[in-house]
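K.L.:
Have a look at this one before I ask anything.
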């Protein structure tokens, strides 16, 4: 991504609904380019929720260029690559090192949000209002309507209010808002290094700069270190047994997790045994690609228009690309009359790419969750044959496709073409 931040020619007042990673990323990008930003967040306090996320190298560099993360930030762990193992024996199937685009960076979701919040608060042209719940938007007037009756006007409203977006229904037709259950859920927990030190196998998982993935029938598990190797992040995707909810606060008994992974690799079972008595259990839904991202001067951004399943780890990256694109086009317009063109360029430069990634993410789970048999054996044989060669098709090709995208450059070219037309 381009690190050049052109100062805007037409300063705008932008209202952002939601102080998640997408909303805060957009706020920082816009403020760095000279726009004034008001963030309206429904919660009265930003809690330290979620688990680990893996930032592609372009996303990490973008955060550094925007003053959010430091090159040597201790909240981060640069990952050398990922090791994929057999679900039951733990046999190494393939090892894929970082490709020429760079290394992924592992960081806790809460740490990422707090770093963004700290940067936003450093910027004098950003205001954050907590406990400000937006219930509607007046599309014609570009006014956000709050639960307490307040009306907040702006030149532009960005709906970055997440997977359960209130404002998506104002921009998209009703059928685009209804989520479909995937039949899968995710257990998530983190383990402090102190719990792992006494076991050599577990200690290695947290001290090495590598991710590990176990792929098995209808399930897969990912583990990697966080916070300068002081935490181990563990995510376990499994069939939804009806116990989960679409909420970060939904939990289940640890014994249910152990039962779901009975017969899996003993190293993994030791990790689960160390988990808290109650383990977060998040139900996963499939959200159809939003057919429209822009209506009037209100736009969708991040999960509100393209909520991602976790199979390719693209949720944060695509929200950051959205933030980059909208900040780029708004900083290039020369008159307010060009704002509609800028918003068209934002959607046009982003939608096709995001739709393709959403579809690829859904397809990826089929390869991850193959049952024991010929198809699984063929997959693992191909992985072994390409291990260490840089040609592992299900990892390296994804990196080449997703990790080298120039969201700013594409947005700039799209806007230029619209202006000329």
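Each residue, glycine too, has its Cβ placed from N, Cα and C.
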K.L.:
With 41, 54, 303 listed by Swiss-Prot as binding FAD, identify the candidate in 292, 294, 316 belonging to that site.
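P.N.:
Looking at 292, 294, 316, the one Swiss-Prot places in the FAD site next to 41, 54, 303 is 316.
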K.L.:
Checking feature assignment: region 'Disordered' per Swiss-Prot, candidates 371-392, 393-414. Which range matches?
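P.N.:
That would be 371-392, the stretch labelled region 'Disordered' in Swiss-Prot.
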K.L.:
Considering all pairs of residues in 41, 54, 303, 316, annotated in the record as contacting FAD, what is the maximal C-alpha distance expressed in whole angstrom?
P.N.:
25
K.L.:
If you draw a 10 Å sphere on the Cβ of residue 303 (FAD binding site), how many other Cβ atoms land inside?
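P.N.:
A count of 26.
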K.L.:
Tell me whether residue 188 (active site) sits in a helix, a strand or coil according to DSSP.
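P.N.:
Going by the DSSP assignment, residue 188 (active site) falls within a strand, counted as strand.
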K.L.:
If you count Cβ atoms within 10 Å of the Cβ of residue 316 (FAD binding site), leaving out that atom itself, what do you get?
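P.N.:
Other Cβ atoms within 10 Å of residue 316 (FAD binding site): 24.
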K.L.:
Which number gives the other C-beta atoms within 10 angstroms of the C-beta of residue 54 (FAD binding site), all protein chains shown included?
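P.N.:
Residue 54 (FAD binding site) is surrounded by 22 other Cβ atoms within 10 Å.
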K.L.:
I want to verify one value. Collapsing DSSP to three states, which class is residue 316 (FAD binding site)?
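P.N.:
The three-state answer is helix.
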K.L.:
Looking only at C-alpha atoms, tell me how far residue 188 (active site) is from residue 316 (FAD binding site), rounded to the nearest Å.
P.N.:
17
